[in-house]
Amino acid sequence: MPNVDSVKVAVRVRPFSQREKDAGSRCVISMNSNSTSIYDPRNPGHMKTFTFDLAYWSHSGFLKDENGTFISAGSNSYAGQREVFRDLGQGVLESAWQGYNATLLAYGQTGSGKSYSMIGYGANRGLVPSVCEELFKAIQSQEKNKQYQVGLAQTVIYSQDLSRLKPGGLKIREDQHQGFYVDGLKLVPCDNYAQIERLMDQGNKMRTTATTTMNASSSRSHMVVTIQFKQIFLDEAITKQSVINLVDLAGSERQKSSGSEKDRLKEGTRVNLSLTTLGNVISALAEAATGKKVLHIPYRDSVLTKLLQSALGGNSKTIMIAAVSPADICYEETLSTLRYAERTKKIRNKAVVNASPAEKLIRELKAENNKLLSRLAGLGSTGRSIADETRICYFRHPTEMTYFSILAQERRMMETFPYLLNINEDPQLSWVLKHFIQDGTCDVGQSTSNAIILRGLGILDKHATFTNADGKVTLTPRDMCKVVVNGVPITGKTKLQHLDRVILGSNSAYLYVGPPAERTEEDLSRYDYDFFQSELAAAEGFSVDKLGAAGSGEGRADPSVLAAFHDYIKLMPLVAEANQMSQELKKELKFELKVKNLALSDSRGHDLQKEITVKVTHATTNQVWVWSKAKFINRKFLMEELYQRFLEGENTDVNQDSDPFWDPVEVVHVGSAHVWLQALAYRMKLEEQAELLNSEGLEEAVVLINLSPCSSDGRLFGEDDMVVDPLELLGRRVDFQIHVAECLGVKWLRDAVGRGIQIGYTVYDLPRSLYTKPIWKNVNPKIEETVHFSALNASYEFLNYLQKNALIVDLWGLQEGCVEMDYSLDGLLLTSEGTVVVDNPKDTGNKVTELYRKLLQMEQETELLREVNRALREENVLLQDKLKKWDTGHHERHRLYRKLIYIPLNFSPQTKGIKMCSHRTSCDAEFAKALKIFYQNMNVVRQQFLQLKHSRPPEDNLQVLRLFTERQSQMISDFGKQLESTIYKLKSDVALIVKKKREYTAHSKS
């Protein structure tokens, strides 16, 4: 009977990386028993909780013991490698001993700790070595009437395109009983754990070399370690056979869908395709487990899912460990991983014990052993190379004698010479290769005649020369060869110091370890891949501060800023590689990283979320494209495939539609300006000279734009039509015009021929932006376009919009051959006069407006009653004081009687309160009028200031320069006088109002 089990899912959160610490990241993950919660850093009150079989807190609460092992610092919450193996690794071994197939999957974004959990580092060994070692320990303690056989294969999958398999390469086959398997992948028999350790060490070196040679990042590859375990029970003539698959999946970076990015080349990355297919398989299996009818499970859509078919819904006991980052800057990726894991735990597998009669199998095994022995005898230094374009690699270790002699020679060399230590994006592949710099000169490059042979993007045949003389090592790049030391490109002979960082070509990174005399006890682990990239960014002047990281009260950057910085660092090496491929393939494209919205804000002045984009420029035509992060990564994978064909001597001519370097010419966003709409709320005209700034805050042009309140027939309003309070317009028709006059000094048009511009803007609730007509090849174009807008029944929300928002004016760059923006008014609601209708709320909006009007009326009436009540109270106190005095004598009582008779007829308390209210209203009106005059005068001052700001001195003409200086002096003088007069006028008006109010108050109390 099959054993029906759900996939067991565990989640593990790692400590902060050094980059996350430097950025001041906060932890967004919390764990309680088996539940894992994540909160949104932009909305801390918004939390999502997931429940899994196991939750491992490895983020904090640990220390390093004398052996270098991370252990709990006293709290029971920390989960180290031992705890993970106890729960997961032991489960895999138990399944194998019982005769079940077992699979352990590690899933998560790049850098989330997958490889650490699977392989480990140093004394902190991961699941793969621990499972192998414990398996052999258990074998040694078993009874003697049993025989055991262990074989190991290491498979790395770099691509999924089966249509490009070549004859003689490794192929994916399907067997009726075995299912999908890799034909030609041979298991290496192992007698003890030491053999497996040597095999995996050799495999890592070959894998490191392979990733460099094929320009394929290990984070984009899937690694599968397969252990075949056979138990032969001699007394019972029974054999149990188990296959253990330990799978480290490629990084699961969350990306927007290709459709939303409008990329014409969909699913460019085969790794993304394999993970997408894996997600589709998991979703289909999860639905099937809930009882839904699923017609098709797409195992056959990728190599990865073919190989994992038995692990997902088949004959296997399966465990998934989802590795997540705790940092707020990785919130989206972490949430995506948790959701992926939640779907996986719904899958149900049907595992069976793989037992069979032994006699026939023993004969087969003996025959297979004879074949293996003959093959091992002739193995020597031979070995198969990396498979062709399937990128499926398998590794065999050399003989033990060769292996030990290599290790001994390497140790002697390390104690004698300086050397280069490789640094890889995958920590498991860093510090694996050592290139020794012996005495004399040492050439580096792709040529086999060099002392150090390097294969990598941007590495030429003779790339650079190391010179080791008199205990000093220098590095000299060859002509036009890219060499970077400590983040700075070098062009001449440079002396190296111990622990210098060296990058050769596009991204071949090495740590220079100096001669033994220069070495210190410094921990080398800090010099990881992130350190190299952060150093490059710092050398280019890029930092969190540049992103405008205005911290909160704690002086900490916004999470979106940190996420943008994180993306920038990750994309730097990819952009360098894309530039190198473009150069070698003669595509004439230059790729540059840009920060979208670096210095831009929304209509209310709030900073926009910053995103990393890639600007693409054609060297000959000067055509420009702007790609999103997701689109660039998608194209980068396709570029790699085309470049690989180039390296292998194949024809790289592709049609335009299939070329990852080509895109149709598009409209480019050049810059934006803010024009505040507050003047329209008071029915005042505004003439604005606004700077159009690009995403980095640099001026691209100046736009002259006028906002004019008007009547329904287009008659412009004057000063007499102003309103003191915008709420006076509530419920009334509000008309205004936006007039785009001209655009001055457009750099986009100046930088290249064959370019044009359009101005665009969106008003309030319009469904789309409005654009001016295209203008081509004119640096200072006259536009002179006016659009009339009408709010037929002005709502409170619309009036609030006018008071608090700005009109975002966008400058769009046109290129020859691109599709122009639609400048018609099609699709917009128009009045009978042909004006564009804005503020067209739904029925619910009308109800809200009516309620607000009633509420406003009630507040006004309540305020009036409060004023009357206050006046009555004051009069009451005054009367009580006078009554006390009048009680002293008859004469006083008589006068009081006369006054009491006089008050009801001429000056009742109610009348007095109303007069006081009337006087206060009069004062407020005078004050509003003073402010109105001040506002008008300040508009004049502002226009003078803008004229001064945008005036440009003439070049190479002394006489004109003198006239310019005199005119500027006069303008500055006028500006000062106008500003002084405006302020003096406001002070005088306010002083007069205050004086009148004091006089009236004194008179009323007398």
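Here the Cβ of each residue, glycine as well, is placed from N, Cα and C on the backbone.
Per TrEMBL, the features are as follows:
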DOMAIN    6-347  domain 'Kinesin motor'
BINDING   G108, Q109, T110, G111, S112, G113, K114, S115  ATP binding site
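Annotated features, which come from TrEMBL, shown on the structure.
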{"residue": "G108", "record": "ATP binding site", "contacts (Cβ under 8 Å, 6+ apart)": "K114, G251, S252, A322, A323, V324, T337"}
{"residue": "S112", "record": "ATP binding site", "contacts (Cβ under 8 Å, 6+ apart)": "R14, G251, A323, V324, S325, C330, E333, T334, T337"}
{"residue": "G113", "record": "ATP binding site", "contacts (Cβ under 8 Å, 6+ apart)": "R12, R14, S58, A323, V324, S325"}
{"residue": "S115", "record": "ATP binding site", "contacts (Cβ under 8 Å, 6+ apart)": "A106, G126, D248, D426, P427, Q428"}
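The sparsest Cβ neighbourhood within 10 Å, among the listed binding-site residues (Q109, T110), is found at T110. A simple way to gauge crowding: the CB of K114 (ATP binding site) has 31 other CB atoms within 10 angstroms, across all the protein chains here. Of all the Cβ atoms in the protein chains shown, 26 others lie within 10 Å of the Cβ of G111 (ATP binding site).
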